[in-house]
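Features reported for this protein in TrEMBL:
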- A:6-24: transmembrane segment (TRANSMEM)
- A:44-63: transmembrane segment (TRANSMEM)
- A:75-95: transmembrane segment (TRANSMEM)
- A:123-145: transmembrane segment (TRANSMEM)
- A:157-179: transmembrane segment (TRANSMEM)
- A:191-215: transmembrane segment (TRANSMEM)
- A:235-254: transmembrane segment (TRANSMEM)
- A:274-299: transmembrane segment (TRANSMEM)
- A:319-345: transmembrane segment (TRANSMEM)
- A:366-386: transmembrane segment (TRANSMEM)
- A:392-416: transmembrane segment (TRANSMEM)
- A:452-470: transmembrane segment (TRANSMEM)
């Protein structure tokens, strides 16, 4: 075991405990348990909003997987990773104040609440809640596994002990603290991610003898490494650009991101968040992926992409600094799983239980049930991650793309297109998920783009077509009448 | 101002701000794409280097985000409106 690496991790975990307790205490004065536990009473300020959006979205792939691929492919992958910068402002601007205002009028706690009030269609609610639970559950399990593996590799503890430690910490603060604990820890985790990026980027740059030297070495090894086309010259402009949908504009459709766009306090908070968020995403993506590419010069010959960042960190940094940098991917994983856990819990409690089973449930009952459901979902996921079934890992590959293809148009057109109706939304969700899975399984890389690109278009076409076909005058939506 | 007019104004304002977001994203994409593949498409022998980086990378991924940030700052400062969010309709 490496004590210097473990100490920062333990300090960090203790800190998250404190935030969980603080959040639970802060709730005692809140008017509605449900709004507070799942939305933090809609009082996010600019910095916390920006950080929680970045941290929820940026998962292990930004810190471990992505830079590892950049090591392999060269600067082309840095270019690709920069397609994520658009998320910093686009989600907040496109959903915008209209989403925040409508969500308040509908008293929506979840994304499905919003869809239910907007479309008034039971099937939209069922399909929406079902896809959130299934896709996010598998995504969350995959992240737990990643988090536990990371602790295992850094500390030398067994996989099971690592999982237990990691899961215990996250479950504690999410269960007792709810949304407020999640976003405040996200903000702290976001700051750790920024600091970690700065340290590893600088250290790698120095270890490589400066940018000029690094680029010269890369060019001499293989000129393709410094082009936008990748080491083998196979990263086409079309393929790289299609990532603007998967990790860029499509992020609007992710429920865990969209729900944050209805939880901020004021217009001013949203304005600040889009500035901070854009700067942070740009800095982190460029810094981490460049570090991956530069690492090729510093530590050549690494075969397994996922080991690039841990090995690079251990090589270029002294132990205590390495601990801080390695806390960054752990922070990234924690800040993703905590949000997913709460999303699933809110879907079960609000979208299923209160909507269908017991609409008149008392405040106390809801309170108890929310805590129990959050705990139960968490424990089930941990139990499954103990030895994850292949099906779950397989399903996870479709989680984010599937959710994007399902929800992007029902949210966006629901806000800005008057003729959008429930049947159109339903057609869009089913078309999006189905075509995405079909393309991913049978014709991966179809038309030279990422698999999510075409389903987003199909979903749009289905939405518009079905909405127009089933459109009757009395169905036409106006926010004025709909309250 | 009647309720209907007020609501209509709110609708127009929020739609305008969302469209502005789309316009910025389109400009952002064109800048990112244009410099990456316009300059990066040359033979790597002919690349110029800025701050040690190939010119395409510098313009597309370093200068681009800086200009984007400046644009967003101006938009936030001079264009986006500070409206209350808990606007009830009664």
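Each residue, glycine too, has its Cβ placed from N, Cα and C.
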TODO: Establish whether the number of Cβ pairs under 8 Å between the transmembrane segment (A:366-386) and the transmembrane segment (A:274-299) reaches at least three, counting only pairs separated by 6 or more residues.
DONE: no
TODO: Answer with yes or no whether the transmembrane segment (A:319-345) touches the transmembrane segment (A:452-470) by the criterion of at least three Cβ pairs under 8 A, sequence separation 6 or more.
DONE: no
Open item on the list: Which range wins on Cβ pairs under 8 Å with the transmembrane segment (A:319-345): A:6-24, A:44-63, A:75-95, A:191-215, A:274-299?
Closed with: A:44-63
Task: Region pair the transmembrane segment (A:44-63) / the transmembrane segment (A:157-179), three or more CB pairs under 8 Å - done: no
Task: Residue numbers, six or more beyond the limits of the transmembrane segment (A:392-416), whose CB comes under 8 Å of its CB atoms - done: 94-96, 98-99, 102, 111, 114-115, 118-119, 124, 127-128, 131-132, 134-136, 138-139, 141-142, 145, 245-246, 250-255, 258, 384, 424-425, 428-429, 432-433, 435-437, 440, 451-452, 455-456, 459-460, 463-464, 467
Task: Leading stretch by Cβ pairs under 8 Å, where the reference is the transmembrane segment (A:75-95) and the options are A:123-145, A:157-179, A:235-254, A:274-299 - done: A:274-299
